[in-house]
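Enquirer: As annotated by Swiss-Prot, ATP binding site applies to E12, V13, G14, K15, T16, V17, D51, E112, G113, A114, G115, with the evidence given as sequence analysis. What Swiss-Prot lists as Mg(2+) binding site is T16, D51, E112, and the listing cites sequence analysis. The feature active site is assigned by Swiss-Prot to K37, with sequence analysis given as support. Annotation comment: Swiss-Prot describes S41 as substrate binding site.
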Amino acid sequence: MSGFFITATDTEVGKTVVAGAIAGVFRELGYNVGVYKPLQSGHVASNPEGDAARLKVLSGVPTQENEICPYSIEEPLAPRLAMKRAGRVVKLKEITDYYNELLKEFNSLFVEGAGGLAVPYTEDALVIDFAKELQLPLIVVARPTLGTVNHTVLTIAYAKAHGLTVAGVILSGCKECEMERVQENKEMIEELSGVPVLGLLPFFEGEFTKEEVLESAKEYIMISKLEEFIQNESNVAGAPSI
């Protein structure tokens, strides 16, 4: 298996922008990568304001929104609760099997979870259980501001305790006027967790274009470090890297 599992310290931190941007940059570099968000609550998959639609636009994948996100519900609750209230049951095996189907089309997949690792996800699993099934290296997306050191270090410790590899952290929503504090938080996260912060993605105010996001990802995220993970995974699997 090749790719990344994108998780976060909380909801509304910037996972979708980060996942879509990194996937879009990798596709521009010639990698055959896809995006996958198994469950989405808050919007149905076809809603242009939803995560599946944003992933499609930013990544530039040919797959449709309902293929990127096969299970979606409009109510903005934790996925397990939202599905239960709608009378729907989704099991861990279903979303894992779908992942394996997508791998027939793509060499690598960037998988976005929901909220953080302990979020109730399918009927029988938390987000972290799904991450353990895939065994992809994690990218942890976190806020750059007050409180982020605690949240990020706890997320990394929880992931490591479950045997998962954390490729790095990306602080999303960095404002120029706060960069001194952001840099201090970056250094503290690295010191306390032993995991590198691979990017300080700027805050996007108002409407933004795909081009703006991808250019920012190229400038502010260490894409070459992420490339090393993809290439190493592909070499272990005996598969081509592009």
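Cβ atoms are placed via backbone N, Cα and C, with glycine included.
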Enquirer: Among all chains shown, work out which of the binding-site residues G14, G113, G115 has the most CB atoms within 10 A of its CB.
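Expert: Of G14, G113, G115, the one with the most crowded Cβ is G113.
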Enquirer: Among the recorded positions E12, G14, K37, S41, which ones place their C-alpha within 10 angstroms of the C-alpha of E112 (Mg(2+) binding site)?
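Expert: The recorded positions close to E112 (Mg(2+) binding site) (Cα within 10 Å), listed in sequence order, are K37.
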Enquirer: Determine which residues of the same chain, besides E12, V13, G14, K15, T16, V17, D51, E112, G113, A114, G115, have their CB within 8 A of the center of the CB atoms at the recorded ATP site, and list them by sequence.
Expert: I6, A8, T11, V18, A19, V141
Enquirer: Near the Mg(2+) site, what residues other than T16, D51, E112 in the same chain have a C-beta no further than 8 Å from the centroid of the listed C-beta atoms?
Expert: I6, K15, A19, G20, K37, Q40, A52, R54, L55
Enquirer: Take the C-alpha atoms of G115 (ATP binding site) and the residue listed as 'active site' and report the distance between them in angstrom, rounded.
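Expert: With the alpha carbons as reference points, the distance is 12 Å.
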Enquirer: Counting across all protein chains present, how many other Cβ atoms fall within 10 Å of the Cβ of E12 (ATP binding site)?
Expert: 11
Enquirer: Are there any residues at least 6 positions away along the chain from D51 (ATP binding site) with a Cβ closer than 8 Å to its Cβ? List them or say none.
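Expert: The answer is T16, K37, Q40, G42, H43, C69, E112.
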